[in-house]
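Have a look at the structure below, then the notes.
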Amino acid sequence: MKKWVVKIGTSILRGNEDQSTEQVIESLCKSLTSFIFKGNKVILVTSGAVGLGCKKLNLNTRPKELSALQAVAAVGQVNLMTLYEKTMKKLGHNIAQILITKTDFDSRESFNNASKTFQKLIDLNVIPIVNENDSIANEELKYGDNDTLSALVALAINANKLILLTDIENLYSKDPRNNEDAHPIKEVNSNQLKIIKDKNIQNYNNEWGTGGITTKLIAAEIATKGGVEVQLADGRNENNLINIFNEKKIGTIFHPVDKPVGNKKSWLSHAIKTVGQITLDEGACLAIEQKGASLLVVGVKEVEGDFTVNQAVRIVNTNKKEVAKGITSMSSDSLKRILNKKENINSSMIVVHRDVLALT
């Protein structure tokens, strides 16, 4: 049995002159059904609420004001789920709507609860349809794109693959719209992905969506570090999803790392909410990055913010570049007293244990 996550973007769902939104959803649902009938499980992460809301309200441009975006999303989400429910019912499937904000994943307990809900739904042969809760999320609580959200969902259910359906055929070396010498990149390993993402070689932003290729590279990094293969493909071609379900090498495939960090550390790296920051000296950075060591108090140079035991912090080097995140065994007050020489230093005291420390 395969357990896959499929993410479809706004640019596909809005349709075009040749294919309406209703036809796009019908084709998508038929493809998902064919995969499920073979004994597989699937979760759909869908964008489109704002785009469909604009269409319903006859708005020619995407609103910029947050309250207007939230209102339009509320209108569009109803339309979006009605289309999915109507289509899937004809095909003999039940669906469930799951709307998520960052707070639903920022603690281990809530992440586990979400994982259990997803698993129970697919065990009941229900297709979970996930979207960010754009109608209530403010800027602080938003992922801002469903690419990142889809990667976290893939981690939550220990998926085998994440499929990102978008409006480009492949990852390219350059933006093909502006560079005739751009060439497609068919396969990407973990080392190549880091280089490509860090260089940020391209960014196909569009009017209706909030993503672009950069967010897809970030999603690919999150998923592949957790052991999930990612395949990016052109969702405008209705045959592509069926071909991917049949293991065809279409678009760009991002291969998972050789040694996945696992569900828990992936969550630590990408979903947890941090409340403080710890700066390390060079020796401590090398110890946690190269030796997988716990963070000891002797390696701490500076403490910022207020946090208690069992809260999450960013861990940075002396240049303030983030190297890890972790859950502390000591409060900020205790650490500051030690740094200010008001308490004796026991160099073996653990600040963040390696079991709850994840490199970023």
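Cβ atoms are placed via backbone N, Cα and C, with glycine included.
Of the residues Asn58, Asn60, Asn113, Asn146, Swiss-Prot puts just one in the substrate site with Ser47, Asp134: Asn146. On the 0 to 100 pLDDT scale, the domain 'PUA' (275-348) averages 93 in the predicted structure. Look at the Cβ of each of the binding-site residues Asp134, Asp167 and count the other Cβ atoms within 10 Å; the largest number goes with Asp134. Using a 10 Å Cα-Cα cut-off around Thr215 (ATP binding site), the binding-site residues Ser47, Asp134, Asn146 reduce to Asn146. Counting every protein chain shown, the Cβ of Ile213 (ATP binding site) has 23 other Cβ atoms within 10 Å.
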